[in-house]
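Undergrad: I'd like to ask some things about the structure below.
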Amino acid sequence: DISSIIQSIHCDPQMESTTVCFQVLTSCVGCVTLMEKLRWSVGETANLVTLFGMILMVSEGLVTGRFDLTRRKIPLRTYVSLVIIYFLSNSANNLSLLCKLPYPVFIIFRSASLPANLIVSFTLRRHLYSLRQVVAVSVISIGVFLFTLGTWRGEVSVERHSARVEEIIQIGDIEMDAYVLGVILLVFSLLLSAYLGIKQEELYRDYGRDTATESMYYINLLTLPFMLLHSSDINRSMGRLSLSPPIDIPFLPTTVPIPWAWAVLGLITVLQYSCISGVFRLSSMTSSLTTTVVLTLRKFVSLALSIILFGTLSSLTSHHTVGTALVVVGSLIYSPLIFK
């Protein structure tokens with residue numbers, strides 16, 4: 001029966017890892033694809049989507065009792081430190097966008113999360129990785145870089161995004177080149193993000209993998225106040241969503257009096273909940289490197305779907321072909337380690 005099948009999945013670590021990886025890839029890709037659709041229709045809504053995801057996550061935990069504020073295995077100060085690291089990493093990345101960096105620079109850093117994980121782990125923890133891991137990470141990273149580069153070359157003007165913008169930014173009494181500041185912010189964000197993954201791996205090692213659910217709820221709850229910094233952007237996004245036309249369902253004589261963009265946001269929120277919960281489960285079951293590999297594959301699949309659904313197949317180049325081949329090869333090399 002169904003209950004015995006579910007029980008066998010939880011008892012078999014390899015089957016459970018496979019199930020969680022599938023959950024992460026499908027729900028995260030679905031979430032990003034719908035967000036892309038929403039962005040093309042009503043504009044950027046990332047902060048609003050993030051807020052709704054957090055509210056659903058915390059509310060579900062409180063209503064079902066899975067989020068028990070009276071009992072906690074992990075000290076609150078540990079959660080606060082994780083939230084601060086996450087906030088600093090995200091803020092540094094957003095601030096770098098204001099420095100008018102050439103787009104190829106963003107492509108390089110967008111593809112460097114896996115090497116950054118290796119470097120930070122070795123530097124801070126002296127962790128040595130196998131040749132298989134290093135080769136797989138290198139091949140996947142190069143593949144994602146080439147695929148992203150091919151997408152950029154096919155969509156935008158090379159001259160417009162390659163030119164280096166000469167600009168000086170004043171920070172107190174210090175003058176700094178905007179390009180240099182932007183690169184510093186991107187490096188800072190990348191390394192902090194890698195460090196956050198390693199800290200979470202150590203968290204589950206010290207307190208047990210069963211704390212993944214607890215940490216998921218607490219991190220989302222403690223991050224909620226920071227969303228106040230984006231209140232004006234969130235209000236603008238809500239206004240744009242409300243201006244979208246009502247839902248038109250075939251075979252019904254009248255339209256449903258709900259703007260279709262709000263309905264899409266609801267679906268995105270549910271998928272985001274599944275995506276985030278899957279990522280937390282995966283990070284408690286595997287190493288931070290393996291989690292980063294799965295998330296990198298998710299980014300690759302999302303980018304490929306974006307081209308297929310919102311672009312044109314004629315825009316595909318040799319960069320896409322070679323990049324896809326490298327990602328597949330790298331994934332095959334690394335795949336035995338995911339279920340190890």
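The backbone N, Cα and C atoms fix where each Cβ goes, glycine too.
Annotations per TrEMBL:
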TRANSMEM  76-95  transmembrane segment
TRANSMEM  101-122  transmembrane segment
TRANSMEM  134-152  transmembrane segment
TRANSMEM  178-196  transmembrane segment
TRANSMEM  217-234  transmembrane segment
TRANSMEM  260-280  transmembrane segment
TRANSMEM  300-316  transmembrane segment
TRANSMEM  322-339  transmembrane segment
Undergrad: What stretch in 76-95, 134-152, 178-196, 260-280, 322-339 has the biggest tally of Cβ pairs under 8 Å against the transmembrane segment (217-234)?
TA: 76-95
Undergrad: Pairs of Cβ atoms less than 8 Å apart decide it: which stretch in 76-95, 178-196, 260-280, 322-339 has the most with the transmembrane segment (134-152)?
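TA: Top-ranked stretch among 76-95, 178-196, 260-280, 322-339: 322-339.
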Undergrad: Cβ under 8 Å to the transmembrane segment (260-280), counting only same-chain residues 6 or more beyond its ends: which ones?
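TA: Tertiary neighbours of the transmembrane segment (260-280) are 20, 23-24, 27-28, 30-31, 34-35, 37-38, 41-42, 45, 48-49, 52-53, 56-57, 60, 212-213, 215-216, 220, 240-242, 244-248, 291, 295.
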Undergrad: Checking distant contacts: for the transmembrane segment (76-95), what same-chain residues at least six beyond its ends satisfy Cβ-Cβ under 8 A?
TA: 185-186, 188-189, 192-193, 195-196, 199-200, 203, 215, 218-219, 222-223, 226
